[in-house]
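Here is what TrEMBL records for this protein:
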- Thr30, Gly31, Ser32, Thr33, Asp85, Gly86, Ala87, Asp88, Lys98, Gly99, Gly100, Gly101, Lys125: substrate binding site (BINDING)
- Glu107: active site, proton acceptor (ACT_SITE)
Amino acid sequence: MIQSAEELKRAAAELALDFVAPGMRLGLGTGSTAAHFVDLLGAKVRAGFKVVCVPTSERTRLQAQSLGIALATLDELPQLDLTVDGADEFDDSLRLIKGGGGALLREKIVAAASTRMVVIADESKHVETLGRFPLPVEIDRFGARATQLQVEAAARELGLSGPVDMRRRGEAPFVSDGGHFILDCGFGALPDPEALAARLVAIPGVVEHGLFLGMASAVVVASAHGVRTLGQAGG
Ligand SMILES: O=C[C@H](O)[C@H](O)[C@H](O)COP(=O)(O)O
């Protein structure tokens, strides 16, 4: 019987391997769940399986490299067949919150360049309404405080409130692979994620937000009762 969170993540990652065909151009996600997938893919590659992968973060690039997985940049491979990535939250409509690990911008660029995005997660990430996990919003370093005020104002217009915190690593602000800051927005339940997404992208200092809407084609979710797939991984 599957028990620990790590076992659940690995079980989801294992099932997602079924969606990978030889010769595919693959996007590799970031985070502890995606790391299980990369690890399992590495074992397949060692056994002779051929794929070329584009990592969504430096962390994932280093892991994949250490496992001997063939890598390319997104400039070299601008169209991908499939991206497999984790998520901080997903709902029944396969809408996601991502960015807990700070990789949301590259993750979204890579997912958008992929024909399909398959998300792997344990059941704890499944929510009725997105927003339990504070929404990460990646912002330019220039004028960060001004951008933060605009994010807060935009949320208020939509009837949302709650702390907007600059993500920190120790004393200093956290800096993403792209060199940006991240705001963690604890707005609580997001009844209209599409409206919030539209409002956030209209703020000039916002580089990207962690709402992935209409991007995932399937979520492979592992619980103590087994692993199931929501949505369609094909087509
Ligand atoms: O920026 C990080 C990513 O969006 C991750 O995929 C997300 O935070 C989920 O990570 P984990 O699998 O570690 O919960």
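Backbone N, Cα and C atoms are what each Cβ position is placed from, and that goes for glycine too.
Here the structure is a predicted model, which means the values were calculated and not measured.
Nearest Cα neighbour of Glu107 (active site, proton acceptor) among the listed binding-site residues (Ser32, Asp85, Ala87, Lys125): Asp85.
Secondary structure at Glu107 (active site, proton acceptor), as computed by DSSP, is helix.
When every Cα pair among Thr30, Gly31, Ser32, Thr33, Asp85, Gly86, Ala87, Asp88, Lys98, Gly99, Gly100, Gly101, Lys125 is compared, the largest distance found for this substrate site is 15 Å. The Cβ of Gly100 (substrate binding site) has 21 neighbouring Cβ atoms from other residues within 10 Å, across all protein chains displayed.
Set side by side, the binding-site residues Lys98, Lys125 differ in how many other CB atoms lie within 10 angstroms of their CB, and the most is found at Lys98.
Of all the binding-site residues given, namely Thr30, Ser32, Asp85, Ala87, the one with the smallest number of surrounding CB atoms inside 10 A is Ser32. Same-chain residues that are not part of Thr30, Gly31, Ser32, Thr33, Asp85, Gly86, Ala87, Asp88, Lys98, Gly99, Gly100, Gly101, Lys125 yet have a Cβ within 8 Å of the Cβ center of the substrate site turn out to be Gly29, Ala34, Ala103, Glu107. Ser32 (substrate binding site) carries a helical DSSP state (H, G or I). For the residue listed as 'active site, proton acceptor', the Cβ neighbour count at a 10 Å cut-off comes to 32, with all displayed protein chains included.
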